[in-house]
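Student: According to Swiss-Prot, the protein carries these features:
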SIGNAL    1-20  signal peptide
CARBOHYD  Thr23  O-linked glycosylation site
DISULFID  Cys78-Cys126  disulfide bond
Amino acid sequence: MYRMQLLSCIALSLALITNSAPTSSSTKKTQLQLEHLLLDLQMLLNGINNYKNPKLTRMLTFKFYLPKKATELKHLQCLEEELKPLEEVLNLAQSKNFHLRDTRDIISNINVLVLELKGSETTFTCEYDDDTATIIEFLNGWITFCQSIISTLT
């Protein structure tokens, strides 16, 4: 009788271990999501750096916060916290000569990707760097973060 319970316990333990262990498909999914996030961030940066952007100097006056050390997916919480101010600055910069296409859609995509990548962890508190960043430095910082994480996955 105990033998059957022991075998059942072992079988359940093995099932739990195999289901919770990261698989190559989950790594591939994470990599794809990071690549999409990277492309969205680069698209925003390219739109801002567009030489026809008459509001660039105004956009550079707004300051953003970067984490002291972003090395894990949970640090995407810090990006999520800055998305609303980022969207507001991008909306202020819209003009008839300069228009970031689909800004709201890009920010929405970034938000969805960040939520999926960082998981449901909400107890993480960001430690921000003491120095603030311009919008260009902010986007470059997160682009570098994505590239760094992608390189560890490949």
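Cβ coordinates come from backbone N, Cα and C, glycine included.
I would like each feature placed in context: is it buried or exposed, what are its neighbours, and how far apart are things?
Tutor: Every protein chain shown contributes to the tally, and the Cβ of Cys126 (disulfide bond) ends up with 18 other Cβ atoms within 10 Å. In this structure, Cys126 (disulfide bond) belongs to neither helix nor strand by DSSP; it is coil.
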Student: Output, ordered by sequence, the same-chain residues six or more apart from Cys78 (disulfide bond) with a CB under 8 Å from its CB, or 'none'.
Tutor: Tyr65, Leu66, Pro67, Ala70, Cys126, Tyr128
